[in-house]
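What follows is a short report on a single structure.
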Amino acid sequence: MTGALCIVLFGVTMVTAERPKIKDTHGNLLVKLSDIPIGSCGDESYFGLGIMDGGLEECDRWKLEVTNPEYEEYKCKVLRVHASVQNGKCTCNINWKGPICNEYDGCGKGETLFGTSCTPHMCQHNGTIAVGKKEIECICPPPWDGRFCERLACWRKTISTQQHRYRNNGDHCICGNHYSGASCDVIKSCLNNGQLIDGKCKCPDGYYGDLCDKRCQKGHVTCSTCSSFIPAALFAIILLCVNKFNY
């Protein structure tokens, strides 16, 4: 005879997940320049890219070994930062060098030019130079965004763009109007006449969400939690089955 004892554990854990910028504006994953092989456009190419003769190339086009005006224009626009077509070839602009023309000769050793200032890297705020589908840009740690991680984006400190836990305040993030706490995860007030009870918002008919900030579908007085997304909570279900065997 065999018996089974199953225990279901259900837990709710507040999460403060952050979202780095790892995709370009078209939703494609950014490819780190440092991951692209130097001197190889064969089987070792990375996402079809290789650094050949000192410059970043799309291997399929580079292998044609013919000068293609369309590709040279494309290369200057997509695979370079400061470059232009000169005498039919994509060439770094004056004082610029490197495989993607992002290194500036006019700055000190180990520095480059960003805007009008010399900085250690073209990517600001510890970003990483990368290749996108439309242009060279940077992978950015939260809460930074923009082509070169130059723009503060406090929404990147939360797991969902619909959360309002943080807001921009100059060059740093502070808690949103309805939140407090070290991680801005303590609700201090609700929207749409919701009532704050034991740290949670009790929403009136027609609204739902952490702050009662979401309106139910037209014609529905109440909202099913199954159809809503709860960004501040991580639900974990652990199923533990212990089998007992009797002989």
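Glycine is no exception: its Cβ is also placed from the backbone N, Cα and C atoms.
These numbers come from a predicted model, not from an experiment.
Sequence-distant neighbours of CYS138 (disulfide bond) (same chain, six or more apart, CB under 8 Å from its CB) are LYS21, LEU30, MET122, CYS123, GLN124, GLY127, THR128, ILE129, ALA130, ARG147, PHE148, CYS149, listed in sequence order. The DSSP secondary structure for CYS138 (disulfide bond) is strand. If you look up Swiss-Prot, you'll see CYS123-CYS138 (among others) marked as disulfide bond.
Taken from Swiss-Prot, the feature disulfide bond applies to CYS140-CYS149 (among others). There are 28 other Cβ atoms within 10 Å of the Cβ belonging to CYS140 (disulfide bond).
In this structure, CYS201 (disulfide bond) is part of a beta strand by DSSP. The feature disulfide bond is assigned by Swiss-Prot to CYS190-CYS201 (among others).
Annotation comment: Swiss-Prot describes CYS203-CYS212 (among others) as disulfide bond. The 10 Å shell around the Cβ of CYS212 (disulfide bond) contains 21 further Cβ atoms across the protein chains shown. Under the three-state DSSP scheme, CYS212 (disulfide bond) falls in the coil class.
Here Swiss-Prot flags 114-150 as domain 'EGF-like 1'. The domain 'EGF-like 1' (114-150): residue composition by secondary structure is 0 helix, 15 strand, 22 coil, according to DSSP.
If you look up Swiss-Prot, you'll see 180-213 marked as domain 'EGF-like 2', on the strength of sequence analysis.
Summarising the annotation, Swiss-Prot assigns N-linked glycosylation site to ASN126. Within the same chain, the residues at least 6 positions away from ASN126 (N-linked glycosylation site) whose Cβ sits under 8 Å from its Cβ are PRO141, CYS149, listed in sequence order.
What Swiss-Prot records for 1-17 is signal peptide.
Residues annotated as topological domain 'Extracellular' in Swiss-Prot: 18-220.
Among the features that Swiss-Prot reports, topological domain 'Cytoplasmic' is placed at 241-247, with the record citing sequence analysis.
Per Swiss-Prot, transmembrane segment is recorded for 221-240.
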Below 8 Å Cβ to Cβ and six or more residues apart, same chain only. Which residues does that give for CYS190 (disulfide bond)? HIS178, LEU196, CYS201, LYS202, CYS203, LEU211, CYS212
